[in-house]
Each structure stands twice: as structure tokens, then as C-alpha cells.
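Here is the structure we will look at.
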Amino acid sequence: MNKTSPVAANTKSMTFRRSKTRISDKIIPILLGLCAMLSVFTTIGIVYTLLQESVIFFKEVPVWSFLTGTTWSPILPPKEFGVLPLLGGTLLITGIAIIFAVPIGLACAIYLNEYAPARVRGVVKPVLEVLAGVPTIVYGYFALETVTPFLQKIFPDMGIFNALSAGLVVGIMVLPMISSLSEDAMRAVPKSLRHGAYALGATRFEVALKIVLPAALSGVVSSFVLAFSRAIGETMIVTVAAGATPQLTLNPLESIQTMTSYIVQVSMGDVPRGTIEYGTIFAVGLTLFVITFLLNILAQWVARRFREEY
Amino acid sequence: MEQLNLGDSKGINRRRRSDQTLHMIFLACTSIGILVLMALIVTIVMDGVHRLSPELFTNFPSRIADKAGLKSPIVGTIYLLLLMAPLSFVLGVGAAIFLEEYAGRSRWVRLIQLNISTLAGVPSIIYGILGLAIFVRGMNLGRSLLSGVLTMTLLVLPIIIVAAQEALRAVPKNRRDASYALGATKWQTVSSAVLPSAIPGIMTGVILALSRAIGETAPLIMIGALTYVAFLPENLLDSFTVMPIQIFNWVSRPSEAFHELAASGIILLLIMLFIMNIAAVWIRNKYSKNI
């Protein structure tokens, strides 16, 4: 630093100097750019690997029968590769999780934003952050060892592996996401809007429901969509607690299998490359990737498109 | 905006009552999160605490519950952490510096930015599939520690990049201006004026991302981290296991004794995560006044 000219805000004026700094200022941006490009390569890598192996799989199994088949039995003959049971299982889990987490997460966000004294907020927010940081395998244990026995007292004929327990715990997992993202969105609503409503005599509930929530709706809805996407991709809770029975059912007390837990199940055995079982990992993975990708894009679109500007 | 119907003064008591009722409902909903966290910790401690013993650290996994320990999973997790930390730090901070300090606002940069936030939302198991296809099979690294490190690095990079970008953005512009005014070049400014004040924020982000990584199970199952490893990995190409995978293995067994072992493993894992989180918060608070 000390050898360069003191008038160097304009670096072009010193290009005649063959100093080390000049070289570092040429190479380093390239190296840093490569780091940034790594994320692009990762995306390309994901899309490429999923597509490449899926194409091989879809040569054996027509895409249409994969997408519309209602039986999934990839290992035992007669082999059938209809993804609907896995998709149905995933949506059942996700549905339970969302029905549980959306009202509670929203209530939590409204409470923290409109009602809670600063001291309570100071306790609750870190607790929710801890909840968000719990590894999913721990949630899986919790679902199997605590939630399922508890639910079995209410539904005595429910099996050990069931969609309800797994779905509820997935709901607990996405709860902090909904509450903290929704709360951020509500916090961004200008204070003057609130004060205006209070001045007109509105109660806190009316302010929350009629002023703050509509103004923050884009952020709140996008948090729901993100939570939905996270629930779809959740793996360990469903692998541990929901069982491994690919079936199309709406009964939450039954054992089901999701796309993610199927992928785990297959990869636990050492599947040889090139077999059709190996291909199913990528075909199901591609389905999962496309769904979560579209949901994430949707969340960003909702957040931008419907944002109320103040 | 919707017209508020507040003129009805007869309804004021009713409105106050409904406000109070809803206050209670919201409070109840909020306490669900806290109650669940308490229930979770209490059950796990009650199930697992009597299995905590020195043997848990010194014994390898075993088919016999009373002899089973966590030696190779603990060592595996620590190796994974130590190898991932520098790699993901350098790559993540490098990308963040490029995007914040060098790149400007072109369409390409916005695309990279969009790509990073999309990657952060990709389910972790997809990274496992990527690792399986590229590192394990494609590069022939096998089911090794190195494959695990590379896969998990890709998984945490988006989180680290976003956190580091926020830390860099928080550095006041006048620090950069002052540095340029002293004649520093771009890289000198970034490395000696911007980075030092952004480092605490970056470290916090990196530690939080790593603490997420060591709790991850699914991607490592995909790349085939084994559940029965009765030795310690000695080089990068050895097979390995980590704590969440061993816990998963124990949870999946029907025997109650293994479930208790799983609970004791979870206690250790949670303690580890807790320490990392405390460290992250401590760094944030200690250095946050310096900017």
C-alpha cells in the first residue's frame, strides 16, 4: 500500500507501474469470479445429472406412465413405476404440515409483532431460532418416540409408522420459517399506517388483521410457499416416522412413502449404476427438484409482484 | 385500503372483548413452539441421559447395544467440520466479495444472485444425488470422506455467500472511500479496509451454516457414508460415518436399547450445535460495536 501513488483514486493513471499490486488486481477478480461461478456450475451440475440419468430411465419407462401410474413397486416384480403414490404421500405429509403450521405460524407472527412486550419477544424469537436449527434427524426421533405414542392414545388402531405424526412434526419444523419470515414482512409495514389506524380507534386485532396483514400479504404468502417447498423436500422426519409403504391414500393414520424417503431407501442398499433402480433415484429426484424449484420461483414472484410499496 | 367501520360505538365493548380473546389465542399459538421445544429436549434427555458414559466416546458402533459407542461417528463429524470449514469459507467469501465489491449490477450478476437464492431452497437430498453422481461415481472418489466434504461444501455455500454478502454490505462506504483516498488499489481496499470489519459477521454466518451442515443426514446417506465403520478415517479417500447417520441407524432399529443410544447421540449432537451457536452469537456481539 505504501509504495503506490497517493493520488490513486483513479487506478488507470498508475498502469505504468509494474508492481505486485497491479498483478493482484488483475488475477484476484478472476479468482473471485470463479468462486461466484461455482454456484452456477452447481446448478448446471444438478440439472445435468438429474436429466442425464433420468433420460436413461425414461427410455425404459415412458414418461406418461411414470407421471400417471398409480402403483409404485420398483423392486418386486411385476415392476411398476407410477410416481403418483410417492407424490400423493409427499402431498399428504405436506398438507398436514401446512394445515398445522400456517395458522400457528401466522398467529405467532401477529403476536410477536402487535401484542408482545419487548421482553417476551426477546425470549420467544431466540427459542424459535433454536427450533429452526434442530437437525431433522432429531425431529424424526421426536416424531417416532414422542408424537406417535401420544397420538396412539387418541387413535388406538394407528400404526407406528403413519403420515399424521410425521406431518405434524414437519409442521413444527417449518413453523419458525413461517413465523419469522411473516414477522419480517409485518415489521416492514410503516409505523405511520398503524398509528393512523390506532388514532381512528381501532383495536390491536383490527390493526393486525385489517392494516398490517393486508400490507404485508406478499411477504406472508411467500413465506407459506417457501414453507411448503421446504416440507416437500424434507427427508429424515418422513424416513424415520412415516414408513415405507408407497400407496395413494388420504388417510393420515396410514403408513405412506414420500419421494424423499423413497430416494433414501433405495440409496441405502448399494444400487449398481445403470440398473433401473439406480435410474429411479434420478427420475424421482428430478420430479422433486422441479416441484421445489417452481415453488421457490413462485415464492419470489409473489413477494415481488404483490408487494405494497409505501 | 378497505374502509374501517369504527363509527359503531355500541360495538366497542364487543370489539375489545374479541381483541382480548384473540390476544389469548395468539399467545397460546406462540407458546406451542416453546412447549414443543421443551417437550423435545425433556424426552430426549430422559431417554438418553443414562446412556451417556465414557464408553460412548471410546467404543465403535456395534451390533450389541451395551458395547456400542460413537467413536467413529464423532471423529467423522469433526473431520468433516474441519475440512469443510476452510473450503467453504474461502469459496463462499470469495464469491460474496466478487458479487458485492467487483461485479456491479449487470444482468449477469442479477442472474448469479437469483441462482444463489434458488440454490439455497434446493432440498438437501438433491445435493446428495449430485454428490453421488459427480463425486462418488463421476470422479471416482468413492464413498469417501472427500466426497462427503465436497458435497456438504456445495450444500452450505449458498447460505455462506448470502451471509457474507450481508456482512460486506454492512461495512460503511466511507471506509472504502478513505482507503481509496490513501491510494490503495481495489484489492488492497477490499482486503485491508473492508474485510477486517466484515469478518465477525462473516464468521457468524459461516459457523451457523456449518452447524446446519453437521446436523444434515440425507445428503450423506445418498453418497453412502456407512453406518457401520469400526475404524477411524486416516486419509481423504477412506470411508467414514457421522453422528446423524449413526443416530438414524439406531433410530431405525426396533430395539428400545438402541433408541436410548440414539437419544444419547442426539444429546451429544445438540450440545455440539449449541456450542457452535453460542460461539456465533458471541462473535457477533463482541465485534458488532467495532464498525
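Using N, Cα and C of the backbone, Cβ positions are placed for all residues, glycine too.
The transmembrane segment annotation in TrEMBL covers A:27-51 (among others). Long-range contacts of the transmembrane segment (A:27-51) within the same chain, counting only residues at least 6 positions beyond its ends with a Cβ under 8 Å from a Cβ of the stretch, are 282, 285-286, 289.
Residues or ranges marked as transmembrane segment by TrEMBL: A:86-112 (among others).
The annotation transmembrane segment is assigned in TrEMBL to A:124-144 (among others). Distant neighbours of the transmembrane segment (A:124-144): 108, 112, 116, 160, 165-166, 168-170, 172-173, 175-177, 179-180, 234-237, 239-241; these residues of the same chain sit at least 6 beyond its ends, with a Cβ under 8 Å from one of its Cβ atoms.
Sequence annotations record features per position, and here TrEMBL assigns transmembrane segment to A:164-186 (among others). Residues 92-102, 104-106, 108-110, 112-114, 125, 128-129, 131-132, 134, 136, 139-140, 142-144, 147-148, 151, 155, 158, 212-213, 216, 218-220, 222-224, 226-227, 230-231, 234, 237-238, 240-242, 252-253 of the same chain lie 6+ residues outside the transmembrane segment (A:164-186) yet bring a C-beta within less than 8 angstroms of a C-beta in it.
Residues or ranges marked as transmembrane segment by TrEMBL: A:207-228 (among others).
Residues or ranges marked as transmembrane segment by TrEMBL: A:278-299 (among others).
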Are there residues at least 6 beyond the ends of the transmembrane segment (A:86-112) whose Cβ is under 8 Å from a Cβ of it, and what are they?
72, 121, 124-125, 128, 163-164, 166-168, 170-180, 182-183, 186, 208, 212-213, 220, 223-224, 227-228, 231-232, 234, 238, 242, 246-250, 252, 256-260, 262, 284, 287
